[in-house]
DNA sequence: TCTTTGTTTAT
DNA sequence: TAAACAAAG
């Protein structure tokens, strides 16, 4: 019986379990997995690009363990897919949907062109819990506020995660490029030596981490997740953004714990829904990533010049505000930053330093191994106050109050700031190994005085807010 | 997913 | 005197 053959186009779904597109492809017949290095990869920031390489390595190995392979090709997606169709004679291309404007545009063109040539081009869910067009208000609009969004989805059914399918290999494999030749870590000089200690790539790593979190962490998640010195978060972000794990797998794992009476499990589901909310907004308003979601904020006098000394001090983590510098250093060294601290560094840049949040968004995009296009954009707009779900007051964090409340014994700050300490931690010192020599910083430098103090910055930002003209 | 200020309550 | 609370931005 002639079996059908499908190209499975991997993008941000680098797993075999709970993969609806892969499962459907496997059910049709032979599967040829492919990852394409197109502009969406070329344009990634240094850290996400490097992290992607680790994930691809793991996916390739996992496929080989199933008698399959990951074919790597470089070029515009449509051209590459057409070449592969020609070479292999497949009659279908399957993939998991993405929701940002660039990907949507590319994918609908691919779908149309391949469809015109008699190829079945089909997209599947899996990247989010709820397709953005399936969540709507009574009036039929998309949601702009988190809490009603949460209420509308909290009790919804989420499909039970699928097992990894068996894969049938083609009789002949098309040629593949070699992953090392792509040099995905080239922009990441600090990658191998420093960040590699913290990255945890691959589907099986994601599953063990999830297991550990559900066994131990989730019960106290609601309280511990806010304390940056503790390992109280799920640590799932780098897996979610690469698709090494699916949100549905996390949702169901949390539901099981919720039924067992684990206190933090619902809080964890709420955090998953924040991610979905970000994708919901991104899908309905793609400009979320590009500028003030509330256009009246264009009148706010943010500095947009990246060369300003405040921006340099912020990027180099020498603002003189310990919680801010600690967070920026954690990000530089580990590729991640505790969420509580993300809010603080974002607030300090956009309010105290009066610098445009897009400058910060781009720096995060370059530095975070868990960079997620929707989460990053919503997070920055939220902190800046320019986004949907805005507070009815001028949102401005006090970095001193926040440090007192969430890092009362300075454990987090001490972990990441070397200057002025007799015995700096290994992590604090590793920041100085990671940064470029051209920054000219040394752990024996004195810790700088605040470039803008908590009080002074608050006053200045409030003043700008009151005179903003809207 | 906040901060400040002023007031009340507990010790 | 500090902690808890309420209100307003």
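Including glycine, each Cβ sits where the backbone N, Cα and C put it.
Other Cβ atoms within 10 Å of the Cβ of residue A:268 (FAD binding site) number 26 in total over all chains. When secondary structure is read from DSSP and collapsed to three states, residue A:268 (FAD binding site) falls in the helix class. As annotated by TrEMBL, FAD binding site applies to A:221, A:233, A:234, A:235, A:236, A:237, A:268, A:370, A:371, A:372.
Residues or ranges marked as domain 'Photolyase/cryptochrome alpha/beta' in TrEMBL: A:4-129. Each residue of the domain 'Photolyase/cryptochrome alpha/beta' (A:4-129) gets a DSSP state, and the totals for helix, strand and coil are 61 helix, 30 strand, 35 coil.
For the recorded site, residue A:302 (site 'Electron transfer via tryptophanyl radical'), the DSSP three-state label reads coil. For residue A:302 (site 'Electron transfer via tryptophanyl radical'), the same-chain residues that are 6 or more apart in sequence and have a Cβ closer than 8 Å to its Cβ are A:350, A:354, A:355, A:356, A:357. Annotation source TrEMBL lists site 'Electron transfer via tryptophanyl radical' at A:302 (among others).
Among the features that TrEMBL reports, site 'Electron transfer via tryptophanyl radical' is placed at A:357 (among others). Note on residue A:357 (site 'Electron transfer via tryptophanyl radical'): other Cβ atoms within 10 Å of its Cβ, all shown chains, come to 27.
DSSP assigns residue A:380 (site 'Electron transfer via tryptophanyl radical') to a helical segment in the three-state reduction. For A:380 (among others), the entry in TrEMBL reads site 'Electron transfer via tryptophanyl radical'.
Counting every protein chain shown, the Cβ of residue A:236 (FAD binding site) has 22 other Cβ atoms within 10 Å. Taking every pair among A:221, A:233, A:234, A:235, A:236, A:237, A:268, A:370, A:371, A:372, the residues listed as contacting FAD, the largest Cα to Cα separation comes to 22 Å. Its own atom aside, the Cβ of residue A:234 (FAD binding site) has 23 Cβ atoms within 10 angstroms in the protein chains shown.
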